[in-house]
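Worksheet for the structure shown next.
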Amino acid sequence: MRVGVLGAKGKVGATMVRAVAAADDLTLSAELDAGDPLSLLTDGNTEVVIDFTHPDVVMGNLEFLIDNGIHAVVGTTGFTAERFQQVESWLVAKPNTSVLIAPNFAIGAVLSMHFAKQAARFFDSAEVIELHHPHKADAPSGTAARTAKLIAEARKGLPPNPDATSTSLPGARGADVDGIPVHAVRLAGLVAHQEVLFGTEGEILTIRHDSLDRTSFVPGVLLAVRRIAERPGLTVGLEPLLDLH
């Protein structure tokens with residue numbers, strides 16, 4: 001399988017370049033960064049592209065990839081419901097093309113989101129804290145936003161988080177994602193970390209995941225690359241490939 005990498009000079013992208021090059025069943029067909037023409041992907045007969053670029057350019061990348069029938073595995077964040085709808089509309093004309101967009105490719109992070117969804121209905125309160133390096137473009141992270149949405153979905157019909165706060169500085173209680181407070185920390189020395197806190201009378205449950213190195217994303221990305229052709233259309237999250245429901 002011929003695989004191209006977009007964002008190849010970034011920290012995650014460079015990790016993916018090394019991972020693809022080291023895989024016996026994959027061939028690195030192209031490695032592109034800012035300013036490189038996307039036509040290098042078609043020139044190299046690329047079948048699947050790994051995209052770790054920037055929210056400002058990822059939609060243009062996807063439009064090109066879909067138009068050319070190239071499968072895409074996307075770790076770039078910043079996706080909204082409107083962006084997902086746009087991707088789906090592009091895919092209508094290319095029914096055999098696959099796009100997988102995931103907020104996090106670390107297997108442990110995907111499992112932590114799954115565990116949080118399972119735990120959500122058993123506790124009165126839930127909050128999410130995500131911690132990342134200071135170069136991250138979006139806040140909160142895609143992982144934190146998706147975690148909060150999964151928690152909110154699991155808590156449908158239950159009372160909202162108890163919170164008597166009546167006065168506060170703007171932002172002190174975090175961002176509100178479907179009723180779940182999400183707090184973002186940006187600190188030098190961090191990579192990617194998340195805590196989900198659940199509380200009820202007499203006990204607290206903490207679900208924490210830490211990516212200590214960007215190689216933590218490699219197994220999930222390569223799994224998606226190898227299996228993406230099995231799932232035509234848009235897939236959001238790595239969960240379907242891990243049989244997590």
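Here the Cβ of each residue, glycine as well, is placed from N, Cα and C on the backbone.
As the structure is a computational prediction, the values presented were derived from the model and not from experiment.
According to Swiss-Prot, the feature active site, proton donor/acceptor maps to His132. Marked as active site, proton donor by Swiss-Prot: Lys136. For Gly7, Ala8, Lys9, Gly10, Lys11, Val12, Gly75, Thr76, Thr77, Ala102, Pro103, Asn104, Phe105, the entry in Swiss-Prot reads NAD(+) binding site. What Swiss-Prot lists as (S)-2,3,4,5-tetrahydrodipicolinate binding site is His133, Gly142, Thr143.
This view paints the features noted in Swiss-Prot onto the structure.
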residue	record	Cβ neighbours (10 Å)
Gly7	NAD(+) binding site	25
Gly75	NAD(+) binding site	24
Thr77	NAD(+) binding site	23
Pro103	NAD(+) binding site	23
Phe105	NAD(+) binding site	28
His132	active site, proton donor/acceptor	22
His133	(S)-2,3,4,5-tetrahydrodipicolinate binding site	14
Lys136	active site, proton donor	16
Gly142	(S)-2,3,4,5-tetrahydrodipicolinate binding site	19
Thr143	(S)-2,3,4,5-tetrahydrodipicolinate binding site	26
Around the (S)-2,3,4,5-tetrahydrodipicolinate site formed by His133, Gly142, Thr143, list the extra residues of the same chain whose Cβ is within 8 Å of the site's Cβ centroid. Thr77, Pro103, Asn104, Glu130, His132, Lys136, Asp138, Ser141, Ala144, Ala192, Gln194
Separation of alpha carbons, Pro103 (NAD(+) binding site) and Gly142 ((S)-2,3,4,5-tetrahydrodipicolinate binding site) (Å): 5
Integer Cα-Cα distance in angstrom, Gly75 (NAD(+) binding site) to His133 ((S)-2,3,4,5-tetrahydrodipicolinate binding site): 16
Can you tell me how far the Cα of the residue listed as 'active site, proton donor/acceptor' sits from the Cα of Thr143 ((S)-2,3,4,5-tetrahydrodipicolinate binding site), in Å? 11
If I take the alpha carbons of Lys11 (NAD(+) binding site) and the residue listed as 'active site, proton donor', what is the distance between them in whole Å? 11
Measuring Cα to Cα, how many Å separate Gly7 (NAD(+) binding site) from Lys136 (active site, proton donor)? 14
For Lys11 (NAD(+) binding site), the three-state class that DSSP assigns: helix
Within its own chain, what residues at least 6 apart in sequence put their Cβ under 8 Å from the Cβ of Lys9 (NAD(+) binding site), listed in sequence order? Asp33, Ala34
Cα of Pro103 (NAD(+) binding site) to Cα of Thr143 ((S)-2,3,4,5-tetrahydrodipicolinate binding site): how many Å, rounded? 5
If the NAD(+) binders are Gly7, Ala8, Lys9, Gly10, Lys11, Val12, Gly75, Thr76, Thr77, Ala102, Pro103, Asn104, Phe105 per the record, what's the largest distance between their Cα atoms, in Å? 20
